[in-house]
Amino acid sequence: MADRNLPRPRFGLRLCLCLGFRAPDQVEEAMEAPPRPLRLRCSVQNYDWGRFGEESTVARLFEGNSGSEIELGRPYAEFWMGMHESGPSFVVASQEAAGAEAECLAPGVVTLKKWIGENPGALGVKVVQKWGKNLPFLFKVLSVAKALSIQAHPDKELARMLHKMRPSVYKDPNHKPEMAIALTEFRALCGFVNIEELKDVLVGVPEITELIGNEEVSKIIGSKDLDGYLDAKALLRSIFTKLMSASKEAVLELVPKLKDRLDVESKIRTLTEKEQLVLLLEKQYQADVGVIAAFLFNYVKLSPGEALYIGSNEPHAYISGDCIECMAASDNVVRAGLTAKYIDVPTLCSMLTYKQGFPEILRGVPIYSYVSRYTPPFDEFEVDRCLLPPKESVVFSAIPGPSIFVIVAGEGTMQISSPAEERKVIQGDVFFVPAQNEIRLIASADAPIHLYRAGVNNRVFG
């Protein structure tokens with residue numbers, strides 16, 4: 001990690017190496033006296049697709065979290081909260097929170113991964129039983145200015161195999177189902193269009209036929225009955241594989257041809273949203289097969305507060321906007337287009353489920369005043385969204401698993417019961433909250449608090 005991403009103490013904060021450390025085998029003892037919530041110093045990723053300067057939610061959060069000034073000419077793409085080694089979080093303790101433990105402060109840093117390894121009781125008994133001394137989720141904020149790659153995340157079996165074969169590319173053996181909750185208007189490609197829309201695409205985009213040939217195209221366009229799931233899946237797989245495997249020379253010829261055709265047609269008709277998107281992608285990734293492949297995917301537009309979840313082996317590409325993202329603790333990505341990074345077309349094309357149809361959009365289920373919950377069909381995580389008006393308060397009850405809280409906007413105070421403890425919170429503050437801690441948040445008189453909590457899916461606790 002670059003030096004600028006290492007934690008730097010800000011006013012009133014000190015680093016603590018001995019904040020409630022317990023031996024790894026003292027899980028039950030830890031549950032009897034749960035560790036206190038920890039303030040975290042988090043990592044930022046400056047990928048080239050990120051939004052620049054103060055326009056980036058990631059940049060503003062990193063500024064509040066680290067005390068670092070925003071570099072206006074630098075992209076801020078992802079803000080990582082968790083224990084993954086590619087973007088670790090570090091434990092920080094305030095003087096007022098440390099109390100008597102202030103005597104054991106020492107120079108240095110402690111990663112959240114190390115702290116949890118020495119305090120597994122913070123995860124709760126059921127989490128330790130299921131995932132060991134590991135936080136099962138990774139929490140992020142994304143600020144997207146330029147489309148991310150067409151990609152998918154492997155299931156557990158494939159992840160283990162890919163990690164064993166190419167550990168430098170596929171960095172861990174875990175799967176990576178994920179969920180994105182829009183902070184702003186957020187756009188993405190996700191999953192394949194249904195059969196009827198696919199027929200329209202193949203008729204209306206002749207460049208696809210030129211790349212893959214007439215045989216599969218004719219089978220789909222000419223068929224009156226494609227209700228058979230396996231037949232439709234096999235045909236879609238064949239079309240997509242041939243498209244993504246097309247020669248560089250053919251792609252180099254046909255992407256500009258597609259652009260020229262759409263430019264001409266835009267003068268005599270209004271282009272569809274998908275066609276306008278394709279022209280945008282062509283500006284970002286000239287002569288990339290992903291520009292043409294975009295026609296095969298659902299174009300999803302989320303308003304703030306709406307969410308999209310993506311299972312293993314499902315194709316997707318984020319296009320623009322800021323979002324909260326939560327996933328199983330993994331950094332495995334198989335890419336095949338809209339990127340200058342390593343691509344693995346054979347693996348991506350062979351791993352996909354080829355499910356068709358528009359993805360489910362989650363809007364959050366109210367669980368109490370000011371708080372809605374997003375519950376995807378994955379054990380590793382769920383996310384709560386809290387919009388707390390000025391002067392109002394909300395209580396997050398003690399639960400048998402860990403949580404990470406991030407303050408996206410606003411300021412106020414956090415109160416921790418048993419024993420009572422109060423801390424000021426501002427934009428960019430991140431807290432790891434061990435199991436069995438009740439948290440009360442109070443918004444300031446001047447502005448609302450906008451925060452998110454990631455935790456283990458409540459179904460794990462029965």
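Heads up, the Cβ atoms here are built off N, Cα and C, so glycines get one too.
Now, the feature entries from TrEMBL:
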| type | residues | note |
| --- | --- | --- |
| ACT_SITE | R335 | active site |
| BINDING | Q151, H153, E178, H316 | Zn(2+) binding site |
| DOMAIN | 38-192 | domain 'Phosphomannose isomerase type I catalytic' |
| DOMAIN | 211-296 | domain 'Phosphomannose isomerase type I helical insertion' |
| DOMAIN | 374-418 | domain 'Phosphomannose isomerase type I C-terminal' |
Beyond the site residues Q151, H153, E178, H316: chain residues whose C-beta lies within 8 Å of the centroid, for Zn(2+): A152, K176, I310, E314, P315, V333
For H316 (Zn(2+) binding site), nearby residues of its own chain (Cβ under 8 Å, 6 or more apart in sequence): I150, Q151, A152, A188, L189, C190, G191, F297, I310
Whole-number Å value for how far R335 (active site) lies from E178 (Zn(2+) binding site) (Cα to Cα): 16
Alpha-carbon distance [H153 (Zn(2+) binding site); the residue listed as 'active site'] in Å: 9
Tertiary neighbours of H153 (Zn(2+) binding site) (same chain, Cβ under 8 Å, six or more apart): A159, H175, K176, P177, E178, I310, S312, N313, M327, S330, N332, V333, V334
Within the domain 'Phosphomannose isomerase type I helical insertion' (211-296), residues counted as helix, strand or coil by DSSP: 65 helix, 0 strand, 21 coil
The domain 'Phosphomannose isomerase type I C-terminal' (374-418) - residue tally per DSSP class, helix then strand then coil: 0 helix, 24 strand, 21 coil
Greatest C-beta neighbour count within 10 angstroms, which of the recorded positions E178, R335: E178
Neighbour tally for Q151 (Zn(2+) binding site), based on other Cβ positions within 10 Å of its Cβ: 24
